[in-house]
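A.B. asks: Dumping what TrEMBL says about this protein:
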{"type": "TRANSMEM", "residues": "72-90", "note": "transmembrane segment"}
{"type": "BINDING", "residues": "Gly78, Val81, Asn85, Asn343, Leu472, Ser476", "note": "Na(+) binding site"}
{"type": "TRANSMEM", "residues": "102-123", "note": "transmembrane segment"}
{"type": "TRANSMEM", "residues": "144-172", "note": "transmembrane segment"}
{"type": "TRANSMEM", "residues": "230-249", "note": "transmembrane segment"}
{"type": "TRANSMEM", "residues": "261-284", "note": "transmembrane segment"}
{"type": "TRANSMEM", "residues": "304-325", "note": "transmembrane segment"}
{"type": "TRANSMEM", "residues": "337-358", "note": "transmembrane segment"}
{"type": "TRANSMEM", "residues": "461-486", "note": "transmembrane segment"}
{"type": "TRANSMEM", "residues": "498-517", "note": "transmembrane segment"}
{"type": "TRANSMEM", "residues": "529-550", "note": "transmembrane segment"}
{"type": "TRANSMEM", "residues": "570-592", "note": "transmembrane segment"}
{"type": "TRANSMEM", "residues": "619-641", "note": "transmembrane segment"}
{"type": "REGION", "residues": "682-728", "note": "region 'Disordered'"}
{"type": "COMPBIAS", "residues": "703-728", "note": "compositional bias 'Polar residues'"}
Amino acid sequence: MPKNTKVTQREHSNEAVTESVADLLSLEHPMDYKSSQMSMGLSPGSTAPGRSLLPEQDLEDGRPAWNNKLEYILAQVGFSVGLGNVWRFPYLCQKNGGGAYLVPYFILLLLIGIPLFFLELAVGQRIRRGSIGVWNYVYPQLGGIGVSSLMVCGFVGLYYNVIIGWSIFYFFQSFQYPLPWAECPIKKNGTQAIVEPECEKSSATTYFWYRQTLNITSTIDDTGGLNWKMTLSLLVAWILVCLAVIKGIQSSGKVMYFSSLFPYVVLFCFLIRGLLLKGAVDGIAHMFTPKLEKMLEPQVWREAATQVFFALGLGFGGVIAFSSYNKRDNNCHFDATLVSIINFVTSILATLVVFAVLGFKANIMNEKCVVENAEKILGYLEKGVLSRDLIPPHVNFSHLTAQDYSEMYGVIKTVKEDSFGQLGLDPCILEDELNKAVQGTGLAFIAFTEAMTHFPASPCWSVMFFFMLINLGLGSMIGTMTGITTPILDAFKIRKEILCVVCCIIAFLLGLLFVQRSGNYFVTMFDDYSAGLPLTVVVILENISVAWIYGTKRFMQDLEDMLGFRPYSFYYYMWRYVSPAVLVVLIVATVIEMSVNPAGYNAWVEEEGSERFHSYPPWALAMAYSLIVVAMLPLPIVFIARQFNLVSDGSNKLSVSYRKGMMKDISNLEEQDEQRFILGKNPSEAPSPMPAHRAYLGPGGTQEMTNTNYGTSTKTGYQNIGSPESEL
């Protein structure tokens, strides 16, 4: 042992030895595990025979580590920034008052988003285990939290990868000119060639989505058999995910350089192109025109909280899994703030792109409406139904503008008030087109594809867009699958390659449910029921187990030991009071909404060329609620089993690094005790068997220092690593 260490200094001094093993470890110099004489038994700079000193390996416990901080940040960004930022956030912004929606979203991001994201990063980094191991360690009775997270990850991964499969299908279909969804197909009826009726009633992009891509049935009861095109696309998607997860964080970090950054390149390209489109300014103005009355509606706040919750990936276990590969002294507070801000800015950027495209599409649809209704008016003029005196003199039907039509429409409506409804004229108001909410798959596979058909070089834009969706989806899927594989690998001695292949094969077989002709209805069901309520319950239990069971003051002290500084008192109050209260309100509001609103899905009606809401049949409703029950079932089962000692709680299992450090220092202390016995030292001078714990006095309190610095330099990031009382 080096002569300048605390242990040897105390051996040669006459002072009483009162420190515990953890105190001695905390006052040691921070060790370089690649060249340390203590840990390797070799001279500095030499290597152990047969053992590789790779930069990504943590030689303390053999756990892999990120190559650098940038790869880790990109991985967290890739996991948190997903399809929801491009699909759901713009839809909610459009639905809930435009710019007014950003206010509750940002407030709730501060109240529950960043604090709970920081909490998950901190516990994962400190305990260095997956979600199951982390919550078994914090409070064994609530060890079911990790199992529920794993179950939810499984449910979400099943249908999320189907969406990636859809994007893969559209990606390969984009290498055509014109794009296959640009025009309605022509159907031959004897000697006549007519437009496909189903397409004519809807639109070319809508028809391609429902008929050519999904070949969807009219109800969830009619499975319709497998859709082979979607089955092959799903297989490709799972192969890509499997290869990425098998390579692990060493390669997935490198993949993230491209997969996390490429979507931003595409979004900026679309934003620049979108701003040059006719009507894009109308869309942007619509986005930033706040409907302040919407902020008073509880539904807006509930949906904002849910979006914050899912945007950061809270409760899935992926955040914990990724952070568990960090060094203990990594500044996870900075990471939480940075990733949350990037996520929020990405949502704003995607919303700008979406509203620019929707403004362009709304103008096209409004012009189409004006032309169709102008033809109706001309027909009524020729038939004498309407008098030409009703048409303003400056109106030119060959160059009819939206303003001219609006003026003409107003005159006709005023004069023909009694019989106006029989004319069948539409007002063709641009604002009405902008207010038409397009959610989820409809936004990507209908609205965006329709807008891209009007772009010059439309196949190029389509390829870029769907390649971006594939990248966004894969980034989230890697995090989701890591949330599944990491806790399993921590708990069982299984080869990672075998586990990943088995998981992907099982997931593909179960995923065949979603590539039937009725599969889109099951995607909607899983999206509505498998994650929302279970994840909210998981996160509030995470919050309670750390803030109320383990103790907020104790956790804040651990963070100070780990980070080297005391986190803001803001987090103390958020974890202790505000975040749990907000989550309870969110759970209550979700349960009320589920009980009040009828459970159902939007079915495609071929004869009408439109969607119609259908209630779930009894078997489908039972299936939907069973998803919630199955996801939450591990919570009471594990609690009961460990409360009554039916299974071992594993709470006395220390980390590998702690066991190694303890055994080394115990052997050293035994030698020292023997020397003290020979020299006649009193037993009272022996080290305490339990580590001293410095009390955190709460926000604004002062730090009691029970240890004395004897001139040795310390690194806070490695203090108390071996302490079982503060290993969190």
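Heads up, the Cβ atoms here are built off N, Cα and C, so glycines get one too.
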A.B. asks: Tell me if the transmembrane segment (498-517) touches the transmembrane segment (261-284). I count contact as 3 or more CB pairs below 8 A, with pairs 6 or more residues apart.
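C.D. replies: Counting Cβ pairs under 8 Å, fewer than 3, so no.
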A.B. asks: List the residues in the vicinity of the Na(+) site, defined as same-chain residues other than Gly78, Val81, Asn85, Asn343, Leu472, Ser476 with C-beta within 8 angstroms of the site's C-beta centre.
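C.D. replies: Output for this site, in sequence order: Val77, Phe79, Ser80, Gly82, Leu83, Gly84, Ser260, Pro263, Thr346, Gly475.
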A.B. asks: Could you check whether the transmembrane segment (498-517) and the transmembrane segment (529-550) come into contact, where contact means at least 3 Cβ pairs under 8 Å with the two residues of each pair 6 or more apart in sequence?
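C.D. replies: Stretch pair does not touch.
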A.B. asks: So, taking each listed stretch (304-325, 337-358, 461-486, 570-592, 619-641) in turn and counting its Cβ pairs to the transmembrane segment (529-550) that are under 8 angstroms, which one gives the highest count?
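C.D. replies: It is 570-592, which has the most Cβ pairs under 8 Å.
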A.B. asks: Taking residues 6+ outside the transmembrane segment (72-90), which of them lie with a CB under 8 Å of any CB in it?
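C.D. replies: Residues 66, 160, 163, 249, 252-253, 256-257, 259-261, 263, 307, 310-313, 318-319, 322-323, 325-326, 335, 338-339, 342-343, 346-347, 350-351, 354-355, 439-441, 443-444, 469, 472-473, 475-476, 478-480.
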A.B. asks: So, taking each listed stretch (102-123, 337-358, 461-486, 570-592) in turn and counting its Cβ pairs to the transmembrane segment (230-249) that are under 8 angstroms, which one gives the highest count?
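C.D. replies: Stretch with the highest Cβ contact count: 461-486.
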A.B. asks: Would you mind listing, in sequence order, the residues at least six apart from Val81 (Na(+) binding site) in the same chain with a Cβ closer than 8 Å to its Cβ?
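C.D. replies: Residues satisfying the criterion: Ser260, Pro263, Ile342, Asn343, Thr346, Leu472, Gly475, Ser476.
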A.B. asks: Can you find at least 3 Cβ pairs under 8 Å between the transmembrane segment (102-123) and the transmembrane segment (337-358), where each pair is 6 or more residues apart in sequence?
C.D. replies: yes
A.B. asks: I'd like to know if the transmembrane segment (619-641) touches the transmembrane segment (304-325) in this structure, counting it as a touch only when three or more C-beta pairs sit under 8 Å and are separated by 6 or more positions.
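C.D. replies: No, the stretches stay apart by this measure.
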A.B. asks: So if I exclude everything within five residues of the ends of the transmembrane segment (570-592), which remaining residues of that chain have a CB under 8 angstroms from its CBs? That is, six or more out.
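C.D. replies: Distal contacts: 108, 111-112, 115-116, 118-119, 298, 302, 305-306, 309, 532-533, 536-537, 539-540, 543-544, 546-548, 552-553, 555-556, 698-699.
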